[in-house]
Amino acid sequence: MERVYNFSAGPAVLPVPVLEKVQRELLSYNGSGMSVMELSHRSELFQNILDDAESLIRELMEIPDNYKVLFLQGGASLQFDMVPMNLANGKKAAYVNTGSWAKKAISEAKKIQGVEVEVIASSEDRNFSYIPEIPTVSSDAAYLHVTTNNTIEGTAMFDVPESAVPVVADMSSNILSSVYDVKKFGLIYAGAQKNIGPAGLTLVIVREDLLGQVEGLPSMLDFKVQAENDSMYNTPPTFAIYVAKLVFEWIKEQGGVAGIEALNRKKAALLYDYIDQSDFFSSPVEPSARSLTNVPFVTNSAEFDKAFVKEAEANGFENLKGHRSVGGMRASLYNAFPIEGVEALIAFMEKFANARKGGEVRV
Ligand SMILES: *Cc1c(COP(=O)(O)O)cnc(C)c1O
């Protein structure tokens with residue numbers, strides 16, 4: 001079976017060497033005669049996997065010692081609730097509205113009792129095609145919530161806003177893709193299925209002084225309880241953590257996050273440069289805000305868009321359909337997506353455009 005070029009926005013492509021290692025170790029991990037799926041989470045073998053995963057992510061992101069690293073479940077979506085539950089503590093919470101996921105974070109925070117949500121900046125006026133100027137947050141706010149990469153709209157926030165209150169970031173779709181200074185954040189969270197590993201794992205990086213502000217939270221929803229139990233308050237998603245550990249090792253081999261970012265910039269530039277010089281395809285996103293990991297593009301007709309997605313699929317380019325809320329196409333170029341796939345896509349786009357311009361029906 002040939003592998004396809006998988007442009008999915010998530011769950012997304014994983015590095016082939018990681019999948020091959022998973023396959024080799026599937027039946028008997030490290031001479032145990034058991035799969036990682038079958039190991040007790042209290043076993044030494046699994047504890048070593050968890051410890052390695054934590055030390056690797058600390059090294060890759062240069063996470064300072066006064067931050068906890070948590071391996072949780074529930075996806076980024078549960079963090080939309082856990083963050084206000086744990087951090088708002090009767091204060092106002094400031095949010096930046098840069099897209100569909102930010103909107104969900106805002107609407108969930110509003111459901112948490114006692115939390116007053118203030119949307120201090122938004123790019124909704126122009127279809128979320130840019131990153132808005134972020135005003136100074138009043139010091140009586142508990143935190144400022146941002147989304148560093150807007151997966152659906154294809155914009156990214158590369159500069160972390162200076163803020164007197166802790167900055168909380170949903171980094172689900174560009175964690176480990178671009179270098180960010182962890183010290184500038186109070187809390188970072190990310191669902192794993194875009195750049196880290198299998199769905200079902202959620203990474204949370206949280207500054208210790210932000211823990212334990214709210215008493216009496218349900219244990220599973222309390223960052224302090226999860227931190228005190230080193231992510232093992234209950235059975236953690238063991239297999240997903242194991243795969244994440246292998247992905248972290250792979251990233252380290254690629255030159256760490258800086259090395260991966262350089263490659264991601266190259267991949268994204270190839271595609272944006274092609275789109276910008278094309279008179280057939282165009283990008284709906286303001287150049288200064290363009291994401292490295294999610295690249296939306298359109299033709300001038302919904303019919304061509306539809307035909308493009310269909311014919312691309314027939315040629316081994318999968319999951320190029322844009323999110324249902326924005327239409328068009330979207331190529332997700334996460335860390336594991338190979339540069340040859342970008343080159344092949346561009347060649348296919350050129351062929352498709354030329355055939356359409358020449359009046360042919362199919363390429
Ligand atoms: C995918 C995504 C989410 C949702 O993640 P789940 O793990 O499915 O809850 C939230 N925020 C961003 C930015 C995303 O890309």
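Placement of Cβ uses the backbone N, Cα and C atoms for every residue, glycine included.
Bear in mind that TrEMBL entries carry predicted annotations, made automatically and left uncurated.
Quantities reported herein were computed from a predicted structural model and do not represent experimental measurements.
The L-glutamate binding site annotation in TrEMBL covers ARG42. The annotation pyridoxal 5'-phosphate binding site is assigned in TrEMBL to ALA76, SER77, TRP101, THR151, ASP170, GLN193, ASN234, THR235. Per TrEMBL, domain 'Aminotransferase class V' is recorded for 4-345. Taken from TrEMBL, the feature N6-(pyridoxal phosphate)lysine covers LYS194.
This view paints the features noted in TrEMBL onto the structure.
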residue : record                              : Cβ neighbours (10 Å)
ARG42   : L-glutamate binding site            : 9
ALA76   : pyridoxal 5'-phosphate binding site : 25
SER77   : pyridoxal 5'-phosphate binding site : 16
TRP101  : pyridoxal 5'-phosphate binding site : 21
THR151  : pyridoxal 5'-phosphate binding site : 26
ASP170  : pyridoxal 5'-phosphate binding site : 29
GLN193  : pyridoxal 5'-phosphate binding site : 24
LYS194  : N6-(pyridoxal phosphate)lysine      : 29
ASN234  : pyridoxal 5'-phosphate binding site : 11
THR235  : pyridoxal 5'-phosphate binding site : 10
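Considering only the residues assigned to pyridoxal 5'-phosphate binding, ALA76, SER77, TRP101, THR151, ASP170, GLN193, ASN234, THR235, the longest pairwise Cα distance works out to 30 Å. Under 6 Å, Cβ to nearest atom of ligand 1: this is the test, and of the binding-site residues ARG42, TRP101, ASN234, THR235 it is passed by TRP101.
Mapped onto three states, the DSSP output places the residue listed as 'L-glutamate binding site' in coil. A mean pLDDT of 97 is what the model gives for the domain 'Aminotransferase class V' (4-345). Secondary structure at ALA76 (pyridoxal 5'-phosphate binding site), as computed by DSSP, is helix.
Across the structure, ALA76 (pyridoxal 5'-phosphate binding site) and the residue listed as 'N6-(pyridoxal phosphate)lysine' place their CA atoms 11 angstrom apart.
Between the C-alpha atoms of THR151 (pyridoxal 5'-phosphate binding site) and the residue listed as 'N6-(pyridoxal phosphate)lysine', the distance comes to 10 Å. Ranked by Cα separation from ARG42 (L-glutamate binding site), the recorded positions ASP170, GLN193, LYS194, THR235 are led by THR235.
Distance noted between the C-alpha atoms of ASN234 (pyridoxal 5'-phosphate binding site) and the residue listed as 'N6-(pyridoxal phosphate)lysine' is 24 Å.
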